[in-house]
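Supplied in structure tokens, the structure appears directly below.
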Amino acid sequence: MLLGGTSAEREVSFNSGKAVLEALLKQGYNAHPIDPKEYNVANLKKDGFNRAFNILHGRGGEDGTMQGLLEQIGLPYTGCGVMASALTMDKMRTKMLWKAFGLPVADMKVVTRETFAELDPQAVVAKLGLPLMVKPSLEGSSVGLTKVKAVEELKSAVEYALKFDNTILIEEWLAGDELTVSVLDNQVLPAIRIVPEGEFYDYEAKYISDNTQYFCPAGLTPEREQELAILVKRAYDAVGCRGWSRIDVMCDAKGNFRLVEVNTNPGMTSHSLFPKSAATVGISFEQLVVKILELSL
């Protein structure tokens, strides 16, 4: 049971790991918590483990590096493989791939540490409008996000995001509903609509606040739910996901769906969305954990 790790999302991973470990032990699995920060994962196989439930979040656990190590030692593991994990950690390249497949994403401008000096806020606002969303390409859990409401705020928002990553996305603001859709073994589960207390679903709303509201079913018409499920499955297949993943989707002001990002190791805490979605189709937390484990390759 891989949990903890070295990324900014270490604590979230511990919370997920605790819940999953409990569920596995309750069902008679011989499961042990392993924190890669404290233990050399290359020794897992020779220490007698025969599969890994990977609930690490963020860099070093969800970005293809851990997956590659587990492939090297020949240990089956849960979730996406090396390529899908590495690709989806990079929001910019994920969106470029989706765009190439003809799938809908927000309009964006990419800024790097090297190109920051040439950033022309006026030109960006002329192209994308206001407000804008500024975010690091690689950080998960909504770390480093800023909503920019005026052209003068853009540079400082990008500077702030550059503390977390070298590549920054400046995106058109999507004013419609925020949705997240879980996929389990190629089955698209019911969408969840997220209504944060603040202006957007940030770290506080995700992990701390009890005032964020979640609606599942999401209140979409059957036709819209079907349209969303088809879109999400195409997005999941395009990046090569397997086992389980959660895809975030926003609506623009006109209600058009826009793909946002993929979570290849979704959270599994009491606040988490994947278990909420599974529960609406009669899959208990314990059943979900076992199903994810059974899908490990």
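Every residue, even glycine, has its Cβ placed from backbone N, Cα and C.
From Swiss-Prot, for reference:
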type	residues	note
DOMAIN	95-294	domain 'ATP-grasp'
BINDING	125-180	ATP binding site
BINDING	Asp248, Glu261	Mg(2+) 1 binding site
BINDING	Glu261, Asn263	Mg(2+) 2 binding site
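Walk me through the surroundings of each of these features.
Across the domain 'ATP-grasp' (95-294), mean pLDDT in this model comes to 92.
Neighbour density for Tyr160 (ATP binding site): within 10 A of its CB lie 15 other CB atoms from the protein chains shown.
DSSP assigns Asp248 (Mg(2+) 1 binding site) to a strand in the three-state reduction.
Secondary structure from DSSP puts Glu261 (Mg(2+) 1 binding site) in a beta strand. Within 10 Å of the C-beta of Glu261 (Mg(2+) 1 binding site) we count 20 further C-beta atoms, all protein chains included.
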Find, for the listed binding-site residues Val125, Leu132, Leu174, the residue with the lowest Cβ contact count at a 10 Å cut-off, counting only other Cβ atoms.
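Minimum Cβ neighbour count within 10 Å, taken over the binding-site residues Val125, Leu132, Leu174, occurs at Val125.
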DSSP three-state call for Thr167 (ATP binding site): helix, strand or coil?
strand
Between the Cα atoms of Glu261 (Mg(2+) 1 binding site) and Leu174 (ATP binding site), find the distance and write it as a whole number of Å.
14
